[in-house]
Amino acid sequence: MNSGFPRILSKKLFTLNQSQFFVKNGMVPLKAGISGPKLLKYTVGIAIGSFAGFYFSNSRSAFHEYVLCPMLRLVTPDAEDGHKLGIWFLKNGLAPRLWFDNDDKVLNVNIFGKKLTNPIGCAAGLDKNGDAIDGILSGGFGYIEIGSVTPLPQPGNPRPRFFRLPLDDAVINRYGFNSSGHDTVVNTLQSRITSFINSYMFKDNSVENLSLYKDKLLGVNLGKNKTGDEVQDYLKGVESFQKYADVLVINVSSPNTPGLRSLQKESILTDLLTQVVAKRDSLVTSGNALGAKTHKPPVLVKVAPDLVEEEIKSIAEAAKKSKVDGIIISNTTIQRPTTLITEDSDLVSQAGGLSGKPLKPLALKALKTMAKYTKGSGLVLVGCGGISSGADAIEFAKAGASMVELYTAYAYKGPGLIAKIKDETTELLKKENKTWSEIIGEDIK
């Protein structure tokens, strides 16, 4: 019966004219008489519209860096409003994505037993509450870290608390762990997973990562409430997010929560991280939100760049003793380097952590020192601070970073920066005839 349908249809097409065929079969025929010039106009219009749609939705478009991002900064004098607007665009699918995102094999790296197609991550602080995970990952990142998330909701410090230093490609923030709290963020992550499981994408059951992408990872950065307990708040974080994170990050280095950086002292940090690892291990058989029967997310600790060598050595010892899986170097700095171009002393002297290009020398120095004291330990080092190019990424890798993270440069340059960094990194690696994995720690071997 099915094989006869095309034969009958073709016979009708040959024995009836077009109008008779459409009327006889209850369809409305297309209006005849579209002139050549009109048809050309329609065709050109559709072509231009399609090209414009592709161009503006593609993160590689220069429009985003040179037009859209400057416009957003212009209409949001308070940098925090710009931050919120950016997250709104990313959350609602209005931000451009990286079309044809096929990472070159030289960028592939295995971290914590899992493959990433590229080692470029989005640092914590951009998406504090996990609202825009898909919008960010679709821009080409290989990893995203949301948070910091605190056990209870808290507003953070009073506004204004986020300041741009555009001449330096830098920002100062004193957000103070503003967070929706564990329950809200867990609900957001669970809703995302539920939608994914109910969609066609999960039918082949091939996605194991909680990022919901085959070769990308999701990290959750854990913080403490302003008046919270310095140990229990982190243990609550592990309990809340063990099922939802590919990676757990213990943030003991934000300069905007009173007393937090004191947790970096060796004895205190060793005790904290030992308890965190024990809590993680006790929950392994609870599985994860995708249905895995066991789940053991690696634990990383994020530290400050404002440390002398002896302090870095003691943190390395704490990390080894507690058996965490890695260290992120680094958070923002409370220093104001003399290299700053910004002359507005009121702006430069704002309290808070400085991030962006001026942070790079401090973060890189701290990374090299940390690599020196963790060599041979198996600890994974993640570089973060002032990265804005492929050359920067290469420099951090050679200093010991298996992966790098960025945020401030992304905010200034727009979503196209990720493709640019990956392209530049690929080109530089091929010039050396090496892969990313081969250059990790090259300068400290």
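Any Cβ shown, glycine's included, is placed from N, Cα and C.
Summary of the site annotation: Swiss-Prot records FMN binding at A124, G125, L126, D127, K128, N221, N251, K302, S330, G356, G386, Y407, T408. Screening the candidates S148, S199, S282 against this entry identifies S148 as the one listed for that site. Note on proximity: among A124, K128, R174, Y407, the binding-site residues of the record, the Cα nearest S254 (active site, nucleophile) is that of R174. Between Y407 (FMN binding site) and G176 (substrate binding site), the C-alpha separation comes to 17 Å. Of all the binding-site residues listed (A124, L126), A124 sits in the most crowded Cβ setting, with the most other Cβ atoms within 10 Å. The distance from the Cα of P255 (substrate binding site) to the Cα of N221 (FMN binding site) comes to 15 Å. Of the recorded residues, A124 (FMN binding site) and N251 (substrate binding site) place their C-alpha atoms 10 Å from one another.
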